[in-house]
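According to TrEMBL, the features are:
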- 1-11: compositional bias 'Basic and acidic residues' (COMPBIAS)
- 311-404: domain 'Transglutaminase-like' (DOMAIN)
- Cys319: active site (ACT_SITE)
- His378: active site (ACT_SITE)
- Asp401: active site (ACT_SITE)
- Asn441, Asp443, Glu490, Glu495: Ca(2+) binding site (BINDING)
Amino acid sequence: MTETTDTEKKPPLNGRRALPLNNSNDEENEVPEMEAFGLIPRGFNPKDYLRVVDIHMFKEPHEINKQQHHTDKYYNPKLIIRRGQSFQIQIDFNRPYKPETDQFWLEYLIGRYPQQNKGTYIPILIRDVLKPGEWGAKITHKENNSIRLSIMSSATCIIGKFRLYVAVWTPFGILRTHRNSATDTYILFNPWCQQDAVYLDDESEREEYVLNDVGIVFHGNINEIKLRSWSYGQFEENILDACLFLMDKAELELSGRGNPIKICRVASAVINSRDDNGVIAGSWDNTYTYGVPPSAWTGSVDILLEYYSSKQPVRYGQCWVFAGVFNTFLRCLGIPARLITNYSSAHDNNANLQLDFFLDDEGKVDTKLTKDSVWNYHCWNEAWMTRPDLPVGFGGWQAVDGTPQETSDGMYRCGPASVQAIKHGHVCFQFDAPFVYAEVNSDIVYLRREKNGTQAIENIDTTHIGQLIVTKEVGRDGMMEITEEYKFQEGSEEERLALETAVMYGVKKQTLQDTSYQPQADVDMEFQVQKAVLGSDFKVTITFRNKSRNSYTATTYLSGNIVFYTGVTKNEFKKHSFSAKLEPYSTSTYDVVIKSSEYLSDLLDQASFHFFVTARINETGKILAIQKATVLEIPALRIKTQGEMVAGKEMSVTVEFTNPLKQTLENVTLRLEGPGVLRTMKKEFRQIPTNSTLIWEVKCIPNRPGLRKLIASLNCDALRHVYGELNVQIQKP
């Protein structure tokens, strides 16, 4: 390729590299339409030679290319293909093509400084045979002035939007077609191609992890699992361009964009706004001024489109929002991906595999000293790919996390970390495996600070963290447990071994042998929280089982806290202590009533409580301690449809909600969306009085037939996380 002679276009000189960085898919270079070999004789007329009149890309959703490449759902007029698989185009010349004398080839270019050795300038010559997974083209059909070509792309090709030129050789120079954006071609990852790094061999899994544009987010907590739908919308208008823009924003060199490991790593940083002005600004403090509360979003499309147009972080997100948008990005580019939830997830500030909870003399948790926290749940993503950079056996699902928790190599990002490596404790393999290992494997240690400054261990809970890891079932809306992909059976020999391996590879674990920790073994304590609807009273039942022949008395303390779902306490709303008599060989239960008036005024987003119960056995001085999170039932929205549901015909959708609280709801926002049925709609309501029902009717014209999902959310300061959904079957016209 010749550099343009235009002096203004020349980049500033840089002593380190001959060409500036090529890290924008958006920028272009000028390509000469006549590239002369030397002096051009006076009688030369380009019209005497073979000339391209038209190029047909077969880019309609119903045509061969998008059908064969599984890209017919993208709401995008240009050709979209997957790498490592052949596609068809037709070229019309000004006269019949004569292979003996005519010579032409194709050129694919990407970015401002195309270079052949970087894979950003790709000349494609006409061959007799196509080699699978390598660039090449062959003529499959000739008729009059037209030829039909079958083109094979490389299975390691860069992902992005390429420009196409057809070049014709003449004795005096090369003639090229002019720049025509209608022939631009998007090339994506190909999970259907065996040579692609993201190849997935199961068709039902490809349907779910690449082509499904809605999913389920599991939230709540381990005792009360809740679920809501999320619209990924990876095929919606402008989303593909928005996802390519994220890689430009992250300044990922174009030549690295064929590598899913690199793409996941830079994306996990650019999904959050910390340190790079990325897509979503996180907020965990229950104040969402000048932004949308995280619980109000129903999908990724609005967030990505707003970021693509404003180039400023979108406010606000929490873990499931980061994970939902990340999932859209991965599926849109063709990397198989799923959103997963880890219940009782450890956020261990010093990565020593233990969460230290400090108790004061009364047995209450000392919030000043306690820095670690247990998230009720934490969502991240898994992306499917081979890991040629690791030893054999560590490919497959890789954990990636866009939620900003800790820095990795100086930026807020996490992954990709091999899930298989985490399970076996091989945390030495990049990237960020020790952090993910701690999220699912830490122990909770209750410590008491003695007067002389030493720490006494009161209790250790080895089973609380990472009790349950789940994702959506393939092809259905149920829950699939994947805890065993991350860890061996609690207490098994293999689990012990995996832990020793992790410690050997540098995960810090304090040994507890050197401290005089002897728990009270002959008394068990546990408690149950009654399931309750938001706005009602409920009770906590504490049960003691004395397995010895001794009589004991236990000074028991219950602390009820309103918490963020990250386990961070906002305030203590219930303190209750009592003395329990434990008779020999018997079980005794105690009820503590929690009134709605005690908690309603301070309730946060997710209606989450956290209860600590500590009991000191007076006769031995030993302490029993347990903690549990609980979530109130939040009323749901009801969605109904009326009339027939046919693609291209108007239909009506109604959203209803009844206010269950003993107060009027003010400034209520409703959102409704459904990929392929309607773009996100919003409606504000000033007030909903107690027990009254609001009804919102919307007219829409669905554009895609098949089973679709409508998703709605309601938000106001007093009530968040109110959702509703409905499956609808849209008929073909």
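The chain as shown is numbered from 1 upward.
Placement of Cβ uses the backbone N, Cα and C atoms for every residue, glycine included.
Because TrEMBL annotations are produced automatically, they should be read as predictions rather than curated entries.
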Given the recorded positions Cys319, Asn441, Glu490, Glu495, state which is nearest to His378 (active site) when distance is taken between Cα atoms.
Cys319
Check: same-chain CB within 8 A of Ca(2+) site center, minus Asn441, Asp443, Glu490, Glu495:
Thr462, Thr463, Ile465, Gly466, Lys487, Gly491, Leu499
Would you pick out, from the recorded positions Asp401, Asp443, Glu490, the residue whose Cβ has the largest number of other Cβ atoms within 10 Å?
Asp401
Spatial neighbours of Asp401 (active site) among the recorded positions Cys319, Asn441, Asp443, Glu490, Glu495, defined as Cα within 10 A: which are they?
Cys319
Alpha-carbon distance [Cys319 (active site); Glu490 (Ca(2+) binding site)] in Å:
26
Pop the Cα-Cα gap between Cys319 (active site) and Asp443 (Ca(2+) binding site) into the table, whole Å please.
22
With the cut-off set at 10 Å between Cβ atoms, which of these recorded positions ends up with the most neighbours? Options: Cys319, Asn441.
Cys319
